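Chemist: Structure incoming, see below.
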Amino acid sequence: MPIGNLGNNVNGNHLIPPAPPLPSQTDGAARGGTGHLISSTGALGSRSLFSPLRNSMADSVDSRDIPGLPTNPSRLAAATSETCLLGGFEVLHDKGPLDILNTQIGPSAFRVEVQADGTHAAIGEKNGLEVSVTLSPQEWSSLQSIDTEGKNRFVFTGGRGGSGHPMVTVASDIAEARTKILAKLDPDNHGGRQPKDVDTRSVGVGSASGIDDGVVSETHTSTTNSSVRSDPKFWVSVGAIAAGLAGLAATGIAQALALTPEPDDPTTTDPDQAANAAESATKDQLTQEAFKNPENQKVNIDANGNAIPSGELKDDIVEQIAQQAKEAGEVARQQAVESNAQAQQRYEDQHARRQEELQLSSGIGYGLSSALIVAGGIGAGVTTALHRRNQPAEQTTTTTTHTVVQQQTGGNTPAQGGTDATRAEDASLNRRDSQGSVASTHWSDSSSEVVNPYAEVGGARNSLSAHQPEEHIYDEVAADPGYSVIQNFSGSGPVTGRLIGTPGQGIQSTYALLANSGGLRLGMGGLTSGGESAVSSVNAAPTPGPVRFV
């Protein structure tokens with residue numbers, strides 16, 4: 001795609017031809033400029049020093065903005081950065097899975113697990129939280145290439161790569177390696193703490209050197225007893241108690257509102273009183289009615305022969321009234337008796353019904369609720385007692401080991417007849433001790449966490465000695481049978497530790513490895529005070545005297 005003219009060119013109407021690409025291993029025209037006739041030739045046609053480290057996640061973002069142009073140079077890295085001397089590879093800032101994981105967890109260890117769909121996920125941990133990313137096939141292949149033992153545990157080693165890129169190496173337990181090395185160097189102590197008065201380094205004639213090694217171990221143990229509230233049986237018991245209390249309350253409310261009320265005392269009437277009252281009332285009523293009819297009265301005849309009512313009822317009328325009044329009294333008596341019986345029956349029926357309801361509600365409500373309360377209380381008590389007797393202790397022990405090395409080296413005079421054969425050894429050991437002094441090892445009885453041994457190393461990035469692999473040196477020393485006995489001297493003589501063995505074995509084989517790998521050179525702590533190289537010193541005849549390893 002042509003680029004328009006943005007300047008005040010007289011040929012402003014013409015288009016500027018596209019710029020030639022800077023090809024990498026993949027031709028620039030094939031990446032985005034399909035159909036371009038521009039070939040990758042010319043002065044900028046060769047970029048052999050740079051090649052893509054891997055398929056970057058950012059390659060698909062803007063590589064097709066301008067067809068024919070090369071990949072962004074930030075996505076190109078030196079081919080030699082893929083594998084370094086530490087047996088790892090470099091992680092670019094390409095927003096890929098490993099770059100994202102390193103951003104999240106920093107310089108720490110992570111593991112690789114196979115997911116259900118067949119993909120591989122890198123899982124790290126930070127502040128007790130797991131961070132998981134899905135690896136690309138290229139990253140998984142790179143991790144497999146350095147993980148020869150198939151541990152699937154790796155570690156970010158900080159910005160030790162080019163341009164501050166982090167490195168990925170296979171994780172190893174540095175505490176276990178240190179214990180094995182100390183057990184080899186000091187069999188009597190079995191890898192324990194080394195006494196301060198033992199100097200395992202040789203001091204040459206004509207030099208005054210005092211070395212004091214101190215190992216300070218700090219152990220912090222925190223024990224947390226799990227609470228009984230974490231036991232689900234305890235909460236079941238508490239729930240039973242709460243349900244029982246709720247049942248008691250519901251039963252009381254139901255008995256107060258929903259049950260048959262307590263009946264009142266039955267109202268009774270005296271039958272005799274009722275009969276007398278009815279007889280008297282009936283007699284009065286019939287007498288009044290009888291007086292209304294004059295024929296019912298007796299008649300008196302005066303002197304003139306006239307019939308005059310006497311105001312008295314006839315005898316037969318009086319007898320009828322008395323008979324009817326008596327019958328009315330008997331009826332009233334019978335009604336009073338029946339009324340009393342019905343009232344008593346109603347009272348008894350209501351009282352019996354209430355008693356049945358009370359017994360039923362009390363048996364179900366109060367009985368069940370009380371049973372729940374008792375069962376919950378017993379369950380809570382038993383659970384608490386068993387928890388106190390068999391409570392699991394969540395114990396976490398963290399041990400931090402710091403090694404502090406202090407060295408004071410006096411004058412080194414070749415004219416005094418001595419060759420300081422341990423100057424390189426001191427320099428190498430000091431370098432390793434200084435790295436070990438800031439590397440902390442944490443372990444726990446409930447965790448298999450492997451802490452990165454290179455995460456906090458503050459060595460110079462461009463220092464050649466800081467980039468030398470040291471694990472194989474420790475393994476050589478620990479596995480060498482000649483480097484197994486330490487002789488201690490006491491008295492007025494200098495404190496030196498001499499290693500029993502033959503020249504070329506033990507620590508001298510370590511010197512040879514360092515010399516062959518470029519670790520010992522002139523001006524960096526050679527084996528001789530002169531200009532001989534480390535190789536010539538190793539191959540030369542042993543120097544008689546206390547400097548020699550006999």
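For all residues, glycine too, the Cβ spot is worked out from N, Cα and C.
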Chemist: Pick from Y347, Y366, Y474: which one does Swiss-Prot list as phosphotyrosine?
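Modeler: My reading of Swiss-Prot gives Y474.
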Chemist: With respect to Swiss-Prot, which of the residues Y454, Y511 bears the note phosphotyrosine?
Modeler: Y454
Chemist: Six or more residues out from either end of the transmembrane segment (234-254), which same-chain residues have a Cβ under 8 Å from its Cβ atoms?
Modeler: 228, 361-362, 364-366, 368-380, 383-384, 387
Chemist: Same chain, outside the transmembrane segment (363-383) by at least 6, Cβ under 8 Å from its Cβ: which residues?
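Modeler: That would be 228, 231, 233-234, 236-248, 250-251, 254-255.
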Chemist: Could you tell me the mean pLDDT the prediction assigns to the topological domain 'Cytoplasmic' (384-550)?
Modeler: 48
